[in-house]
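Notes follow once the structure below has been shown.
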2 protein chains.
Amino acid sequence: MKTLKIPEATVIRLSVYSRYLAQVDRRGITTISSGEIADGTGVSPAQVRKDLAYFGEFGTRGVGYNVKDLYWHIIKILGLNTTWSVVIIGAGNLGTALSMYGGFRERGFKVVGIFDNAPHKIGYRLNGVEVYPMERLKEIIEKEKAQIAIIAVPAEHAQEVADQLAETSIQGILNFAPCVINVPERIELRNVDLSVNLELITFNLALRRSLKGGK
Amino acid sequence: MKTLKIPEATVIRLSVYSRYLAQVDRRGITTISSGEIADGTGVSPAQVRKDLAYFGEFGTRGVGYNVKDLYWHIIKILGLNTTWSVVIIGAGNLGTALSMYGGFRERGFKVVGIFDNAPHKIGYRLNGVEVYPMERLKEIIEKEKAQIAIIAVPAEHAQEVADQLAETSIQGILNFAPCVINVPERIELRNVDLSVNLELITFNLALRRSLKGGK
DNA sequence: TAGATTGTTAATCGATTAACAATC
DNA sequence: TAGATTGTTAATCGATTAACAATC
């Protein structure tokens, strides 16, 4: 595998391609061209081929790509050929929603524990997954071999939770709290700010208005 | 206002700057330089100045920026100087979580209605917001003057919901269903795929592994 | 072979960074 | 005035697109 830096946009598109290929496969289609993938996912054919070229040669010139093969190649590239065990920190509304989110299971993620420090929540099961007290974080992560943690606590407590996670064998953190957190280099961190997505909409709506009104 | 195309990354950073400025303001600081904003948000000072330059001149050479003024300038740029009324389609776990998500309220978003077609959910209140049947979608959107809709239904029903929204006066749609949907040009659309965020983590973890093992 | 489509290189486009004149 | 920091231009960097040789 080349050591070239892969653009994040490429990884996101690979995810989109894989979903589209799964859909095409369900329709019983066995071969597909970069142009067809492009049409189905809203990118350019050159983009599709370039994205794939970072990782190898998966097609046959003059023919195209085998749908199933390419699907599995991408799944492997994305690291989704194995099941990932996930813990969720915070059994509030967001944590509860995420624990039941079908989109995770579909892509091979398995929620193995939810953590909270509200005594009345401990011991409950959400979607079959037990709610544990925060004191058992390290124990359960190690017992269940969880590799990824999702932080779904209020912003005030996010860093505190991150510090506790840093003491465990967790490899990746997805942070939904709207704040910046610091974690050791060895942990792969990603922040999702749900509000920013609405703000990108309001920005564009405000821009449209000012173009109409202002001009 | 210039008609230059603004990079999406710039808009996202403006959102980050505004949160940082709010925090700095709470500490009672009145003036700030691009370098300090850069340090506080993890970008370069040139980036901060360039991002702001798309929209005007907000600083004083040799001095810096007035914290409060700049905060409000950015809030206005993001279209957040007015309250936006939001409806959520789908009273499942995600819809429920989003209806109670503090991060929205903080930035001036107000959830004015939740819609579902499960009879046993109708009439309930989530966080003070009523759950309405889908048949009343258009009526309530128009009555409440909702401008933005959040789709939080399973992927199979997302397009159907989008079609119904297209019949209303809704101006923007935030789609959480992991699928591509089509809406009229006049509607500002944005997709959020929660699973992709986990996949960006697993991709990097898989990459780290292969670099360690493969090399 | 002729037609089709890949993989890859070169050209283009756009975003970030460095540098500095303007100016408080 | 001297020091500081902005706003902006030019240089750099990186990603996308166009084009085409390779080849099925």
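Even glycines carry a Cβ here, placed using N, Cα and C.
The DNA-binding region annotation in TrEMBL covers B:16-55. Look at TrEMBL and you will find B:79-180 tagged as domain 'CoA-binding'. Annotated NAD(+) binding site per TrEMBL: B:G90, B:A91, B:G92, B:N93, B:L94, B:G95, in sequence order.
Residues 1-2, 4, 6, 10, 63-68, 70-71, 73-75, 77-78, 80 of the same chain lie 6+ residues outside the DNA-binding region (B:16-55) yet bring a C-beta within less than 8 angstroms of a C-beta in it. Listed binding-site residues B:G90, B:A91, B:N93 compared with chain A at a CB cut-off under 8 A give B:N93 as the close ones.
When each of the binding-site residues B:G90, B:G92, B:G95 is scored by how many other Cβ atoms sit within 10 Å of its Cβ, B:G92 comes out lowest. Less than 8 angstroms from the CB of B:A91 (NAD(+) binding site) sit B:S99, B:I114, B:F115, B:D116, B:A118, B:K121, B:Y124, B:L126, B:V131, each of them six or more residues away in the same chain. Per DSSP, the secondary structure of the DNA-binding region (B:16-55) breaks down as 28 helix, 2 strand, 10 coil. Counting neighbouring Cβ atoms within 10 Å of each of the binding-site residues (B:N93, B:L94), the lowest count belongs to B:N93. DSSP assignment over the domain 'CoA-binding' (B:79-180) gives 38 helix, 29 strand, 35 coil.
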